[in-house]
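According to TrEMBL, the protein has these features:
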- GLY13, VAL14, GLY15, LYS16, SER17, THR18, ARG118, ARG153: ATP binding site (BINDING)
- SER17: Mg(2+) binding site (BINDING)
- ASP35, ARG59, GLY81, ARG136: substrate binding site (BINDING)
Amino acid sequence: MSGPRVVLVGPMGVGKSTVGQLLAERLGVAYRDTDDDIVAEAGRSIAEIFVDEGEDAFRALEKRAVRRALTEHEGVLALGGGSILDADTRDLLAGQCVLYLAMDVEEAVRRTGLNTARPLLAVNPRKQWRELMEARRHLYEGVATAVVATDGRTPEEVSQVALDALELKEA
Ligand SMILES: Nc1ncnc2c1ncn2[C@@H]1O[C@H](COP(=O)(O)OP(=O)(O)OP(=O)(O)O)[C@@H](O)[C@H]1O
Ligand SMILES: O=C(O)C1=C[C@@H](O)[C@@H](O)[C@H](O)C1
Ligand SMILES: [Mg+2]
């Protein structure tokens, strides 16, 4: 089946961009991120889209961006943290090489802090993150070919564990 070499899923701040770019380098392919595609197309930040149009409108843009990237991109692709909420998107991920990057709540708070660029974590990030993960954990696990815990590992270590888990060879 054609499609990206690796699709990265996981919650905000888990390291999809950092590890995704490392994996792309090591595999000798390009890196792409659907959040960046949405921002480029809309000409606004994700926080602005949430505020101006609401989450539902953002999810509609996201669904389209993910479908397009899964068709067009053959390298490493990071999906927005909430893209797996959509059942059609989860169907599209069946048969793809999907890496779920995981972490616990304390690590999440350390990494994302109070960064307002992530609108879903803008208020009480620890509680918000727990609730998001309760709703999403099984969805991430359901689409995953492999799950890699990122806690206590450097991005380089995470990328090595991921290559091993997915049985991918470096370029
Ligand atoms: N394995 C790691 N150990 C420690 N810090 C990390 C690790 N991976 C990423 N980070 C740091 O955590 C923060 C979030 O990483 P990154 O932006 O790659 O996550 P993301 O999943 O792409 O988040 P987003 O939801 O914004 O797309 C960054 O400051 C990054 O440097
Ligand atoms: O987990 C989420 O719902 C989100 C994650 C980010 O990647 C962005 O797509 C946006 O901030 C929403
Ligand atoms: Mg990212």
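Even glycines carry a Cβ here, placed using N, Cα and C.
It should be emphasised that the depicted structure is a prediction, and the values quoted were computed from it without experimental measurement.
When Cα-Cα distances from VAL14 (ATP binding site) are compared across the binding-site residues ASP35, ARG59, GLY81, ARG136, the shortest belongs to GLY81. Under a cutoff of 8 A between CB atoms, and with a sequence separation of 6+ in the same chain, the neighbours of ARG153 (ATP binding site) are VAL161. Sequence-distant neighbours of GLY81 (substrate binding site): residues of the same chain at least 6 apart with a C-beta under 8 Å from its C-beta are VAL9, GLY10, PRO11, MET12, VAL14, LYS16, LEU132. Taking Cβ-Cβ distances under 8 Å and a sequence gap of 6 or more within the same chain, the neighbours of GLY15 (ATP binding site) are LEU101, MET103, ARG111, THR150, PRO155, VAL158. Closest to SER17 (ATP binding site) in space, going by CA atoms and restricting to the binding-site residues ASP35, ARG59, ARG136, is ASP35.
Contact annotation for binding-site residues (LYS16, SER17, ASP35, GLY81, ARG136, ARG153) versus ligand 2: ASP35, GLY81, each with CB under 6 Å from a ligand atom. Cβ neighbour count for SER17 (ATP binding site): 16 (other Cβ atoms within 10 Å of its Cβ, all protein chains included). Rounded to the nearest whole angstrom, the C-alpha distance between THR18 (ATP binding site) and ASP35 (substrate binding site) is 14. Ligand 1 lies under 6 Å from the Cβ of ARG153, out of the binding-site residues ARG59, ARG136, ARG153. With a cut-off of under 6 Å between the Cβ and any atom of ligand 3, the binding-site residues GLY13, VAL14, LYS16, SER17, ARG59 reduce to LYS16, SER17. Of all residue pairs in ASP35, ARG59, GLY81, ARG136, the annotated binders of substrate, the farthest apart have Cα atoms separated by 18 Å. Taking each of the binding-site residues LYS16, ARG59, ARG136 in turn and counting other Cβ atoms within 10 Å of its Cβ gives the largest count for LYS16. Counting other CB atoms no more than 10 Å from each candidate's CB, the binding-site residues GLY13, VAL14, ASP35 peak at VAL14. Cβ neighbour count for THR18 (ATP binding site): 19 (other Cβ atoms within 10 Å of its Cβ, all protein chains included).
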